[in-house]
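Q: If you scroll down you'll find the structure; I have some questions about it.
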Amino acid sequence: MRCPECGESSNARLKYCENCGGKMPESPQGLTGSRPALRTNSTRRALEGPSYAADILDEAEAHSQGAAYVPAGTRDTAEDTDPGQSRPGYDGPKWLASVPAHSQSIVGLAVLSFALALSILPSFDGVGVVGALLAVVGAVLTLARELRLAGEAQGVTKLLPEVLYRPEIPAAFSALLAALSFRMLGIGVMPVLWLLASGLIIHDQWRKVISGPDGVLARWFDPRQLLVMPSVLTLGGVGLALLTLFAPWATLSTLPEVPDAPVPSGPPELRVIGAQRAADDVLYSANAGTITLTGWDLSGAVLVELLLLSVLALLALKPEVSRPTWTRFAPVGVLGVGLLWALLHLKLSPGPFIFVVGLAAMGVQVVRQLRESRDSLAPAPAYDDSHDVTEREEDPEPEDMYPDDEGNPDDMGPDDEGNPDDMGPDDEEEPKPRGR
């Protein structure tokens, strides 16, 4: 409907023109009453109506229905009570959309926790008390770092000191998982769980903190140093020693031990020696009642493995990296611990002897470091004044400053001066030409 005063088109339900303020003619719908007609949800507003006129109509409709009217602008600018909607949308892999911090490492930590829980049962193999304790500590620190980087669980992450959030912590945890996964190699459920958990965590942390020009590997280590003599002997010796842990080291008997019992009807010194019954079937009862133990089944094997790998880490450090003084003697201590552990479990099996051969190859590097430490700690030679070439020589005496064939001018008398009559023509000085 158009205004009769200015001719501007306006909403037919308004009584006054929005442009000039003139009175609008009554519409046919307005004859039924002064209240505006109620609109249903299916009723569409005219597109030519002004925006503020639409707000007036919405307010009138809300008033007629007895509901509180909220302007559209207020609804758009209201404070958002959901903190998650203010963050940018997640555009990563779909399988990480519902994972806390959208981190692949957290998925690996969940698998690792399941593997550690299964290792409590006697029917599943584990990494031992030392390995499990180190894995739990590293998992907690890595989880806290991932949550802090994502801005989640800030109340919990603030409890840990700042030094535990350095990138070296997840890098060391990745190296620990690689060592423990090497120990768990085999056929079964536990090796699969450990390889899966280690693969997820190491792959994620490799991209985040280990690789790259600013990664932990580039800033602290140079693996090429392990490929030069005599470090390459240490590398080969440690590798050989770790591989022998999969070899047989000892055997245990599962047969019950029956003590010698006295014969009731005989003298007291007569005792029956317990003899095992001969096998009925040689094919299926060979080696029955014995269990073969590998090096990993012995107590302290994981600790020895970590000590041997720590020696390789020390040798791979860059020369410019500062290190404590005790690290010079660390290979000696590791070699001693390894030999002592091998002697405690020494049996007539190939495993212990090959393990000692690997430690002997590692001993070459130990002897070299001992010599270098002895030379660096040796006292400096005593200072000898008689052979000090840097000492300033004394000024010579005036009598020694002249040649022996010439006299001292101070000691020459009038008789010592040359006679001009005795001078020949050859002794006279030749006149010098004058300059023009």
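Each residue, glycine too, has its Cβ placed from N, Cα and C.
In case it's useful when we look at the structure, here is the feature table from TrEMBL:
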type	residues	note
COMPBIAS	391-430	compositional bias 'Acidic residues'
REGION	24-44	region 'Disordered'
REGION	69-93	region 'Disordered'
REGION	377-436	region 'Disordered'
TRANSMEM	101-120	transmembrane segment
TRANSMEM	127-144	transmembrane segment
TRANSMEM	171-197	transmembrane segment
TRANSMEM	226-250	transmembrane segment
TRANSMEM	298-317	transmembrane segment
TRANSMEM	329-346	transmembrane segment
TRANSMEM	352-370	transmembrane segment
Q: Against the transmembrane segment (226-250), which of these stretches has the most C-beta pairs under 8 Å: 101-120, 127-144, 171-197, 298-317, 329-346?
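A: It is 298-317 that shares the most Cβ pairs under 8 Å with the transmembrane segment (226-250).
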Q: Are there 3 or more C-beta pairs under 8 Å linking the transmembrane segment (171-197) with the transmembrane segment (101-120), counting only pairs at least 6 apart in sequence?
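A: Output yes: the transmembrane segment (101-120) sits against the transmembrane segment (171-197).
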Q: Under 8 angstroms, Cβ to Cβ: which one of 127-144, 298-317, 329-346 has the largest number of such pairs with the transmembrane segment (171-197)?
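A: Answer, by Cβ pair count: 127-144.
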Q: State, in range form, which of 127-144, 298-317, 329-346 has the highest count of Cβ pairs under 8 Å to the transmembrane segment (352-370).
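A: Ranking 127-144, 298-317, 329-346 by Cβ pairs under 8 Å to the transmembrane segment (352-370) puts 329-346 first.
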